[in-house]
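Read through the structure below, which is laid out as structure tokens, and then see the notes.
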Amino acid sequence: MDGSTPSSQSLLFQQLADNGRQFNTTGGIQNNNTGSGHQFIAETINIGTKPSSALLHSLSFKEMGTRFKDIKSAAKGTCEWLLRHDEYKAWATRDRSLLWIQGKPGSGKSTLLHYALKNVNTTAAKKDNTIFLSFFFHSRGGELQKSLLGFFQSLLHQLLQHLPEAPADLQTDFDEKCKNYGEPGQQWKWHLTELRGYFRSSLKEALKSRSIWLFVDALDECGKDGANKLVKDFKSWLQGTDEDSDHPSSHFQFRVCFSCRHYPIQVLDYGSIICVEEENTKDISTYVHTELSWIPDDIREIIISHASGVFMWVRLIGEEIDSSLGRGEDWEMIRKNIMSAPEKLSDLYARLVQRMKGKKTKSDSLKLIQWICFAMRPLSLSELRWAVIVDPEVDSPRQSLEAYQSADNYISDEKMMEKKVKSLGCGIVEVMQPSQRVQFIHQSVKDYFLNGGLSTLEDEASTQKGNRRDVEGRAHYQLSRICIRYFFMEEIRMEVAQTEADDDNILYSKYPLLQYAVNSWVSHVNQSETQDISQRDLLEYFEWPSNKLVNIWWQAYCAYNPHEWTSSISLVHILAQFNIIGPLRKILQHTKKYINIRDDYNQTPLLLAAEHGHEAVVKLLLTAGKNDTTADNHIRQSLFTWARSKYPFGSEVVDVDATDNFSRTPLICAAESGHVAVVKLLLATGRVNINKTGYNSQTPLLCAAKCEHVAVVKLLLETGKANINTKDEYGQTPLSYAAMYGHIAITKLLLETGRVDINTKDDNGKTPLSHAAMYGHNAIIKLLLKTGRVDINTKDDNGDTPFTWAIRNGNEAVVNRLLDTGKLDTHRESPWVRKQLVSMGYY
């Protein structure tokens with residue numbers, strides 16, 4: 001067998017891959033002529049296809065670019081020093097480099113990064129092969145604006161738009177999720193680990209031919225742990241030494257710029273550093289002379305000399321001067337106030353809080369600050385109009401919106417509310433336009449309140465005192481009760497009950513706070529309970545044991561969350577699904593009759609808790625509500641030991657194998673979602689049917705293998721009771737799915753049992769080897785071949801062998817691996833395959 005030259009073989013394989021794509025359309029099954037008159041049926045395979053618009057849409061989110069737009073452009077004559085800085089010039093001319101822009105809070109880091117990004121977009125954009133990526137962390141924004149999930153989601157969305165092809169497994173994974181679970185963002189969401197992996201593989205592919213500039217602002221606003229993980233990732237990617245690289249690569253152009261505070265990032269031993277406050281004195285002077293041109297020269301010079309490179313300090317002093325003039329103070333008094341002003345921002349904020357405390361409206365200021373600090377997302381003026389006026393007490397005399405509208409302190413429109421916000425906020429709260437979102441003027445304001453400032457303000461308005469944990473817990477308690485009280489107002493109760501599902505958007509437009517209240521009260525309850533604030537009075541707010549109110553809330557909730565399918569639900573279901581422990585324990589201690597209650601889809605509280613991974617709720621239900629402190633401290637002993645010693649109290653009460661309308665059990669739900677601790681608890685009862693089949697006849701083991709939950713697969717195999725060769729309604733086994741999706745660790749676990757049927761065929765006649773060859777999973781093929789038991793020449797129902805699929809998809813590595821076995825019977829292959837072998841020089 002004579003081999004052709006490597007270069008000609010590579011060209012041929014590229015041609016085969018291109019030709020093979022005609023078989024890999026997105027329209028399902030297609031008949032194609034393979035040459036020599038041979039007909040075959042090709043299944044859908046997305047190999048190197050342009051990312052679909054649906055895939056890109058699933059990665060986007062509405063706040064994705066808002067922070068960049070919110071940052072004001074640099075004032076004329078400022079920030080220009082950056083382009084002349086030696087460290088910046090060196091970074092911009094190296095092929096691979098990391099630049100840190102560090103500075104104090106309020107020193108203008110975001111404005112500087114914004115300026116740098118716009119500058120390179122103008123200058124370097126002339127090169128066709130340049131890609132610009134950016135992400136501006138925003139801890140005052142929504143969850144995706146301040147998390148690593150949002151970071152990778154946004155960057156992957158940006159990067160894919162520049163690539164001719166998406167990673168094959170990304171498009172396939174997306175299509176599979178949509179097929180199995182439904183609409184992205186509603187029935188399922190992306191996870192951080194998978195997005196990080198897809199971004200890494202897309203980045204590597206892009207860097208083969210493109211130059212990439214990445215700008216990341218406010219790295220510190222994703223939290224210390226998140227920042228450290230991110231920097232570690234990019235350090236390894238810049239050096240070409242990440243865990244999936246066979247060898248370091250040096251032939252790519254990748255420049256990364258991070259801005260952050262002087263922050264204790266553990267891996268800050270790589271890259272160049274520019275300290276903003278050491279360089280921006282001239283910018284401060286330009287800003288003062290531009291923005292405060294109306295004040296006397298000598299006072300401007302005092303401000304410049306005291307600013308210490310912090311623009312935010314200048315802004316606050318300017319607003320103080322405005323207020324002083326409004327009170328009739330003369331310039332001499334203003335000069336003295338500036339001279340005595342603290343230079344640290346936190347001390348300046350404290351001085352402003354003292355003014356809040358001196359006003360009659362201090363309790364209103366506290367409520368406003370609590371909402372801005374702890375709301376799950378920034379609220380608009382129209383939402384805040386109601387959020388600050390509703391009484392959180394369950395026995396409040398005001399039970400209707402009309403009662404509040406008749407009150408003296410009711411604010412009738414947004415213009416009045418904006419004036420109220422600015423008055424209550426004492427210069428540290430702003431209204432963003434055109435969204436009318438209300439937020440602090442800077443992240444450092446929120447930091448101040450969270451680190452003691454809120455406690456100072458609260459002490460004046462409340463008899464309760466405490467540490468940060470107590471203050472946060474009480475704040476979330478208050479906000480949760482305001483939400484509940486709002487959506488149970490008399491007018492809203494009546495209208496929700498009478499509104500058709502399709503008309504629910506009318507409710508949200510008519511009642512401004514309803515959407516937030518309906519969707520966020522649970523999160524506030526969870527946060528409050530985490531801080532050890534009792535939630536047992538929720539039963540009173542929902543008028544338990546009646547389920548009338550909970551179903552009114554559920555109807556409104558489902559209008560905004562259409563993936564929730566049941567039309568009727570109980571409070572016990574809600575408490576279990578959303579991990580609310582205290583009230584659930586109180587109910588179970590009172591009566592056990594609700595422990596196996598079913599909703600419209602026959603879901604029990606245990607099934608919902610298992611599906612969502614709520615370990616504490618699962619424990620509570622399995623012990624039938626018995627209050628045992630060891631349940632919250634099982635780390636000191638074996639989980640199995642704890643569980644088995646406690647289950648006799650309740651395991652006979654709760655139905656551990658209850659199935660819903662989709663034949664799912666709690667164990668199937670936990671296994672499919674990868675909730676290891678919950679799987680342990682259920683197995684420890686000794687009563688679960690480990691081989692019970694659910695949707696599509698899939699067992700817990702099959703679900704875990706398919707979804708690549710390695711730890712769960714290991715747990716199930718360790719029981720010795722799991723049927724390792726079970727087939728679903730498509731004839732797929734756990735090994736079939738592991739091979740199909742390239743799950744290496746799971747394939748190893750299954751093969752190590754020595755009990756797996758390695759040549760099992762699905763309903764289309766495909767073996768695990770066929771699937772691995774079909775999708776180009778070379779590592780899986782290596783594992784299967786290593787057993788010495790795999791049938792390499794097996795044919796599926798269309799007459800295709802694993803080798804046929806490797807040839808068709810132009811996968812050179814897989815073709816060579818199969819040929820190297822010496823067991824390939826090429827005479828059994830189709831004429832088309834033999835023709836390709838001749839072209840490759842193998843005949």
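Glycine is treated like the rest: Cβ placed from N, Cα and C.
Per TrEMBL, the features are:
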- 19-46: domain 'NACHT-NTPase sigma' (DOMAIN)
- 77-261: domain 'Nephrocystin 3-like N-terminal' (DOMAIN)
- 356-455: domain 'GPI inositol-deacylase winged helix' (DOMAIN)
- 601-633: repeat 'ANK' (REPEAT)
- 662-686: repeat 'ANK' (REPEAT)
- 730-754: repeat 'ANK' (REPEAT)
- 764-788: repeat 'ANK' (REPEAT)
- 798-822: repeat 'ANK' (REPEAT)
- Query: Taking the domain 'NACHT-NTPase sigma' (19-46) alone, what is its mean pLDDT?
  - Reply: 34
- Counting each residue once, how many in the repeat 'ANK' (798-822) are helix, strand and coil under DSSP? 16 helix, 0 strand, 9 coil
- Task: Count up the helix, strand and coil residues in the repeat 'ANK' (730-754) according to DSSP, in that order.
- Result: 17 helix, 0 strand, 8 coil
- Message: Which sequence-distant residues neighbour the repeat 'ANK' (764-788)? Criterion: at least 6 residues beyond either end, Cβ under 8 Å.
- Response: 43, 45, 47, 168-169, 172, 731, 733, 735-736, 738-744, 747-748, 751, 758, 794-798, 800-803, 805-806, 809, 811, 813-814, 817-818, 821
